[in-house]
Amino acid sequence: MSLNLERNSKWMEGSGPQADIVISSRIRLARNLKGLPFPNLMNSDQQARVVSQVSRAIQAPMVFQAVGELKLQPLRELAPVERQILVEKHLISPDLAAGGGEKAVVLRDDEAVSIMVNEEDHLRLQCLLPAMMLHEAWRLADAADDALENELDFAFDQERGYLTACPTNVGTGLRASTMLHLPALVLTRQAGPVLSALTKVGVAVRGLYGEGTEAQGNIFQVSNQITLGRSEEEIINNLSAVTVRLADQEREARELLRRQSRWQLEDRVGRAYGVLTNARILSSQEALQLLSDVRLGAEMKIIRGLDQRLLNQLMVRIQPAFLQFSAGKEMTPMERDVHRAAMVRELLAG
């Protein structure tokens, strides 16, 4: 398989319901093959067996009819920087990128469908779409899952459901999540109370790259915590309601800023745009924060002519691995910061 790592993923399109606040919607299904230990207990031969079975399954006509052409890429054939780009594009986890052994990623051309092979579970099927499209992502994931289950013997228990390495995934094996941009809630100091209240309704809040990461650039991921005893529709409907409520609260906070701190807000946005279009050195953390301010300005019509697609692409293109891959060489942190600033200036200049 020949990977086009610089391709823009489907989730970056920046169009769809609630796209002013909801960046992407993701459905992930955890599945394991019957008769084999979980990946953390497998030897390399067993890992290779899983990769081989998945490779055969994705070539089945039924799978093609359900989701189109899928291609498998063994991770051992990728350089560390190439693996890291897949993390930066939200296609694989940091754990899969870092691990050795027989591991793989399966991708559709538009990267809306991907499968991590031999991560925490044998298969982690993911459907990742732009904006608030959880139900559409679920339909795609469900079709892919049904087609794959026709080719693979998944570990399933009549009482407990799909068996997974982590007990919190047992049952449907489904993790639904949305990625939201919530700068006004942060600026008005409402983010802490609002987001901490979500844990009481079974919703987890994480940073830009999921579990264990910080909410850089005012971007948060919210997801369901438990799958056992709940149907797929219940999980998705609950997270959809939470996401829409969060988006409404963010809009209310934006209006509060507009009414009470209009000049400070416009100054903040203008300064951020000025730095991004003129800076010669930019760290990834500073760039993400400034892009958050500019995105807020674009969404509130303080800045005209910037579309969501470009801002979503920049979120990935400013990351260390993507920068080095596009430059065709390994860079020192300072070289990356200089290259990042030049790239941002060029892309914002249009």
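Yeah, the Cβs are placed from backbone N, Cα and C, and that goes for glycine too.
As annotated by Swiss-Prot, domain 'Phosphagen kinase C-terminal' applies to 21-253.
Within the same chain, the residues at least 6 positions away from S177 (ATP binding site) whose Cβ sits under 8 Å from its Cβ are S25, R26, R28, Q221, V222, S223, N224, L239, listed in sequence order. The secondary structure of S177 (ATP binding site), as reduced to three states from DSSP, is extended strand. According to Swiss-Prot, the ATP binding site annotation covers 24-28, H90, R124, 175-179, 206-211.
Per-residue pLDDT, averaged along the domain 'Phosphagen kinase C-terminal' (21-253), amounts to 94 for this model.
Take the CB of S24 (ATP binding site) and look out to 10 A: across all protein chains shown you find 27 other CB atoms. Here the binding-site residues are R124, R206, and the one whose Cβ sees the fewest other Cβ atoms within 10 Å is R206. I27 (ATP binding site) carries a strand DSSP state (E or B).
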